[in-house]
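One structure is given here, and the rest of the page talks about it.
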């Protein structure tokens with residue numbers, strides 16, 4: 001087939017994809033209206049039933065807590081006097097924390113670019129080693145495989161163990177799951193709470209499963225039960241697991257809202273709420289779902305945590321509306337979008353976008369033959385149709401590749417991710433469904449086959465490499481289609497002390513806009529999931 005025919009075929013595919021997106025958008029709109037109508041009919045009855053159930057639970061809970069205080073008052077007093085850090089009644093800094101020289105604390109904060117906004121002026125010092133914190137044995141034993149707490153863990157744990165609301169602003173791969181997971185599980189074991197008390201919301205199925213896996217590791221050998229709730233699989237199995245007595249639920253917003261509207265899940269006993277990748281959830285249009293979920297949990301007695309890679313106005317407003325004097329812990333300068341300086345960024349400007357596929361093959365051959373030949377490589381396509389085409393191209397060129405995109409079932413995506421993590425396959429092809437939050441260790445190379453729709457997504461893609469203190473390389477193909485992002489890309493490169501190609505400067509500093517030459521204003525619909533809006 002000639003190059004002209006190929007070009008026409010691609011243009012036809014792109015136009016066809018746009019029509020599919022428009023149709024899907026209208027369908028989603030209609031489904032949303034139907035769901036809203038259904039919800040309004042059920043609201044009055046559910047509100048009354050929920051209030052009665054909530055009042056009854058709170059009354060029983062207060063009664064149990066009063067009995068517990070009567071039975072164990074002397075033990076709590078003794079525990080405090082011996083500097084036990086975590087009980088169900090608060091946190092006390094140990095002598096080991098107090099004995100750390102202030103110069104060492106200052107160096108830790110400076111080296112890791114840590115800032116803490118502490119509205120209640122608690123002035124808790126960071127936990128620099130695991131022997132400085134007293135946790136339940138079943139929890140502390142799971143931490144021995146790590147050398148020391150990560151910065152976000154070091155600084156946030158004291159506040160979280162004291163029951164304070166916390167906002168954590170840090171890059172992905174910073175240890176956020178254990179930052180909120182360790183206090184959550186420790187509190188459940190300490191209080192012997194049998195109710196559903198911990199809820200973690202995340203933007204994608206893959207991230208929800210990853211968090212679930214980490215919490216499962218943390219709870220192994222205990223009576224604490226975790227359940228993952230996400231779209232693309234049967235609701236019935238998930239409902240059954242919740243009703244069998246879950247203590248912790250990790251969920252995507254769309255599926256959880258479905259279960260709430262169906263009356264299949266009761267969140268009235270939640271006392272520890274985590275919003276992970278909050279900025280990403282708002283970008284994906286989950287704001288109303290998040291508000292509904294938060295409104296289904298108790299307003300009083302709830303500890304709320306929010307973790308985010310950036311701190312835009314929308315995230316700040318969410319924190320102001322639903323959090324109580326939160327402590328804000330920031331790792332690095334996250335107010336301004338920036339890339340990890342440990343990542344080498346290579347931007348290759350192409351005059352002809354149809355060169356990308358040939359260049360990708362050459363690049364993969366080069367990187368796979370570097371070192372021991374076992375480097376993990378992550379290739380990003382923009383949308384699922386492109387990913388499917390590139391997957392076929394790589395197979396034809398004898399590459400062993402795993403793939404994650406919207407045309408695959410949840411089982412296929414999970415298997416692909418596991419294959420990549422385990423090293424069975426060292427090449428993963430993904431759309432932006434995998435761009436945030438996923439903990440894929442030891443990714444050496446990220447290749448941006450097609451530049452993403454926003455500069456934020458570019459930075460998020462880069463974050464798949466250079467994790468946990470390691471270095472990485474990001475190779476990006478840039479074409480005239482993305483020239484409106486050239487100015488923002490130049491800023492990111494300069495901010496990370498990376499060279500700016502002369503060919504990129506020719507496009508000048510265009511104003512950023514979240515559109516695409518094919519999809520236009522439908523950019524948010526790119527790579528829609530199989531059966532619901534969460535990926």
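Cβ from N, Cα, C; glycine included.
Your range for motif 'DEAD box', going by Swiss-Prot and the list 276-279, 280-283, 284-287, is 276-279. Segment annotation: Swiss-Prot labels motif 'Q motif' over residues 128-154 (candidates 101-127, 128-154).
Neighbour counts of Cβ atoms within 10 Å were compared across the binding-site residues 174, 177; the minimum falls on 174.
Shown in sequence order, 149, 150, 152, 153 are the residues of the chain, 6+ apart in sequence, with a C-beta less than 8 angstroms from the C-beta of residue 175 (ATP binding site).
Annotation note: residue 171 (ATP binding site) sits in a coil segment as assigned by DSSP.
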